[in-house]
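Asks: As annotated by Swiss-Prot, coiled coil applies to 222-253. The annotation N-linked glycosylation site is assigned in Swiss-Prot to Asn89. Residues or ranges marked as hydroxyproline in Swiss-Prot: Pro77, Pro95, Pro170, Pro176. Residues or ranges marked as signal peptide by Swiss-Prot: 1-19.
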Amino acid sequence: MLHFLSMLVLLVQPLGDLGAEMKTLSQRSITNTCTLVLCSPTENGLPGRDGRDGREGPRGEKGDPGLPGPMGLSGLPGPRGPVGPKGENGSAGEPGPKGERGLVGPPGSPGISGPAGKEGPSGKQGNIGPQGKPGPKGEAGPKGEVGAPGMQGSAGAKGPAGPKGERGAPGEQGAPGNAGAAGPAGPAGPQGAPGSRGPPGLKGDRGAPGDRGIKGESGLPDSAALRQQMEALNGKLQRLEAAFSRYKKAALFPDGQSVGDKIFRAANSEEPFEDAKEMCRQAGGQLASPRSATENAAVQQLVTAHSKAAFLSMTDVGTEGKFTYPTGEALVYSNWAPGEPNNNGGAENCVEIFTNGQWNDKACGEQRLVICEF
């Protein structure tokens, strides 16, 4: 009966108080089942009806994790996530097969001109070109020095008779002439009596002049004509000696080419323009000055044989862009490379010849092969 009353008290207690009471009971240990109602020992009565379910108690403390359950089935794939950051480049793969040739793109704009490249190796020697037309006749050179007198020439042919000279002064009386030949005998006269020998008779008158004789051979020329001949021969001898000296000096150069009256010789050295010019002058010549395609081809053969460009004698030191020979004469022949002369850098006053025979203006301080002209 007491149990029943206890249960009844609990049921009629307000829900707020019951929750507070339940909370109090959960925080302290229950020492006596009869805290709310004074209990006394009685006999057990009939069981009461089931009471109504109480409110859910407060959440208890989190318990220890249980044992892992079996792995569930894979869920459906979630939606595609955003693109992640770019990863590091992977190692290079093997090259794929060559693709088909693409369409030709439009031509690009011209690039900036690069620096001038180094001079390429000399090309093979080309064939000698056809002989050019003869150039105009050059100006007469300065008169040479009077040569040494030559040897006595042979007697010349008999010249025509000169005009009759003036009558000379009478000469001194000559010695008496020899007795003339006896005349023919006259007819015999009667025999006379021999008389005494008489005195010598007077000298007879001078006879009439005889006919003019044949003209004799011409004698030696007078001293003035002889002197002129000696001076002319002396000049020829000096010119021959000078020519022989030039050929003798030219023979000191290792190789050369002959064109007409000119000889081109190459030295085994490379010099600046002024030193090269002086070297040729001391040898009795000058730097090569080709005045025709034939002469230019001869110089080209020497340049090709040495595989080096060479200086020519022409410069534009006097007037920029106007190249002349050492004598100041304007060029009668040229073989400039395309775009030359261009005075690159503002200091190209000399001329060099390439292995292809073309010309280029060059700084005179550069070193080039020495080729002299004799």
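Quick reminder: no glycine exception, Cβ is built from N, Cα and C everywhere.
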Asks: Roughly how many Å lie between the Cα atoms of the residue listed as 'N-linked glycosylation site' and Pro95 (hydroxyproline), rounded to a whole value?
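Replies: Cα of the residue listed as 'N-linked glycosylation site' to Cα of Pro95 (hydroxyproline) measures 16 Å after rounding.
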Asks: Roughly how many Å separate the Cα of Pro77 (hydroxyproline) from that of Pro95 (hydroxyproline), to the nearest whole number?
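Replies: Approximately 36 Å lies between the Cα of Pro77 (hydroxyproline) and that of Pro95 (hydroxyproline).
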